[in-house]
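Features as listed in TrEMBL:
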- B:12-29: transmembrane segment (TRANSMEM)
- B:49-71: transmembrane segment (TRANSMEM)
- B:83-104: transmembrane segment (TRANSMEM)
- B:124-147: transmembrane segment (TRANSMEM)
- B:197-223: transmembrane segment (TRANSMEM)
- B:235-255: transmembrane segment (TRANSMEM)
- B:278-294: transmembrane segment (TRANSMEM)
- B:306-324: transmembrane segment (TRANSMEM)
- B:344-365: transmembrane segment (TRANSMEM)
Amino acid sequence: MRKGMLIDTTICVGCQACEEACREKNSLPECNQSDLSACKFTKVFERGEYYVRKMCMHCLEPACASVCPVGALRKLEEGPVVYDEDKCIGCRYCMQACPFQIPTYEWSKALPRVRKCWFCYDRVLVGEQPACAAECPTGATLFGNREDLLAEARRRIVESPDQYQKHIFGEREVGGTSMLYLAAVPFEQIGFKSGLIEKPLPLLTWAVLSKLPDFVLVGGTLLGGVAWIINRRMTLEEERIQQAKLGGNRDAKSRNTLSRLLGRLGKD
Amino acid sequence: MIKKLIQRMTFWKLVLATIFLMGLYISYVRFFKGLGASTGLSDKFPWGLWVGFDVLCGVGLAAGGFTITLVVHVFNLKKYKPILPATVLSAFLGYLLVNAGLLFDIGRPYRVWHPLIMWNPHSVMFEVAWCVMLYTAVLSMEFSPLVFERLNWEKPKKIVKSITIPLVILGFILSSLHQSSLGTVFLIVPGRLHPLWYSPILPLMFFTSAIATGLSMVIFESYLSRRAFKKRLELDLLSGLGRVICVVLAVYFVLKMKDLYNRGALAFLLDGSHESKMFALEMVFGVVVPLILFSQRKVRESQGGLFIASLMVVLGFVINRLNVSITGMLRSSGVNYFPSWMEIGATVFLVAVGFALFAAAVKYLPVFPKEEANAEREFAYLTPKRANSIGSLTAEAEAKP
């Protein structure tokens, strides 16, 4: 079953217990960064009268995992997008490709790693909830099956239509995310990216990449054919010259029938 | 002793020595202190000058290699053969520098070989990595006959020559994949790359502009080599290239404008933003003006005219790649980025190494044709004059009973 979390920004009181729980769970150092960073996987932002927690969205079709040249980032069936630091070469394409600008880098280290929330996958895989959800005192962060959480979100919207926007952020954005958000005001007003497409981003590059084998085969054959035709014509022409020079002596034709047929593969 | 040494030091050698020392220092900081200490990059702006210039531009500027080899070996336009070795050499050096630039840029350079065994065919970067590796290998093979010739190794030279055409075709396919895939890299950032540049046909645009630029680089290098090494290169050959560049630029211009129209993005051209100015700069300076210049016979037939026009194409290309990778990404990133002095310094260092290697290769390898007369004799049968004489020879032969 695909897991997820429902974050209800109308309930969050900004106590930052999730930040602390995350720091302990991942043994991160204390740090005062203004945004997510290599030492902060989740952060609560004050947006007007609401608090919004930011972390990896764990997309259903993650751009980061699709662009990683060595497959260091991987989407688990259970939901988490995880990272194998032994594979990573540090090209940072994941950071560039992420529509939410989530992955961070250990810029100050000589041998840096990509850092981001891993959805406490060690706990999720054995059916426990992530550290942040376990510590949340108000239930603003709720862990569960993504389908159940979607149903719950819809229920809340239907039950108190005045309190919620009719929009579950993460239901459809970039093909859907494991993290789902509810809000009382339009999401752009509380710092969410707007204008995200609903199509999973990896499809954009795959549309080109999937055609490459055809391109290689057709292109190679075409160029091979062109080379054959033109070179054979040149070979014949040269022969004519030779022949003409030698006064029409037929024996002076090319010594090698095969090379005449194919044109010359090698050149001088 | 020291006096003598100083006398032998020319101004440019001194400049080169300074750049090398700076390069060594920057390399030390980069590899021992990390990217944070050496670059202006941040979590919100992870790709900067090293990707934008060293990789994107380096690959594009080497594009003369695959176009000229294709034209000479597959389309058999022997006319262009004299510039082939210099073109292959610069493409080879270009790719070596791209590799070096990548080693500077990636966080764990000693794992650069990982894509060989850890596959992810869904990743454009995976394709890019393979193209870089394979095409560098192909280029070194295309380049190797010059070395073998110098060493008088007949056998290996013969072996490489015997597979020239498959090698050239492979090289063409790999580099057209590579050129276009650098555009595909940015297909995954819709909504982040400014709409003036984000387009579903980015791969095609990168490919087209790379061809125009690769050919312009051939003219540019020929001109510089001529001045620096006193080597002669035929003007009619380069003005032929100028005509081709003119056509490619025209195609590129139509592609760009029609694409803006198709996506309804023409309005962004006139909104007066920083992006619109940079886009206008790249298009007017790098495409429209050289397009007009190259279309003039007077320009195509003068050394200086060809040089200026091709220099503009090259600079316009560099602006375009930096626009896609930096200018167009800035607004959505929410942060500011300007390359640190070390990023600029490392780039200057790598380019200087390239120039030094080029000079060394010209000095020690038969890069430029030795005698014009020789070359002329070799290709004489292609010229009309000779064709006439063939005609008369044939007539003579036929006349003989």
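Yeah, the Cβs are placed from backbone N, Cα and C, and that goes for glycine too.
If you look at the transmembrane segment (B:235-255) against the transmembrane segment (B:12-29), you find fewer than three C-beta pairs under 8 angstroms, all six or more positions apart, and that falls short of contact.
For the transmembrane segment (B:306-324), the neighbouring stretch richest in Cβ pairs under 8 Å, chosen from B:83-104, B:124-147, B:197-223, B:344-365, is B:197-223.
By the count of Cβ pairs under 8 Å, the stretch nearest in packing to the transmembrane segment (B:197-223) among B:83-104, B:124-147, B:344-365 is B:83-104. For the transmembrane segment (B:124-147), same-chain residues at least 6 beyond its ends with a Cβ under 8 Å from one of its own Cβ atoms are 59, 65, 69, 85, 88-89, 91-92, 95-96, 98-99, 102, 115-116, 156-157, 160-161, 164, 167-168, 170-171, 174-175, 177-178, 181-182, 184-185, 187-188, 361, 365-367. Through the fold, the transmembrane segment (B:344-365) approaches residues 16, 19-20, 22-23, 26-27, 30, 38, 49-50, 53-54, 86, 89-90, 93-94, 96-97, 100-101, 104, 146-147, 149-150, 225, 228-229, 231 of its own chain, all at least 6 residues removed from its boundaries and within a Cβ separation under 8 Å.
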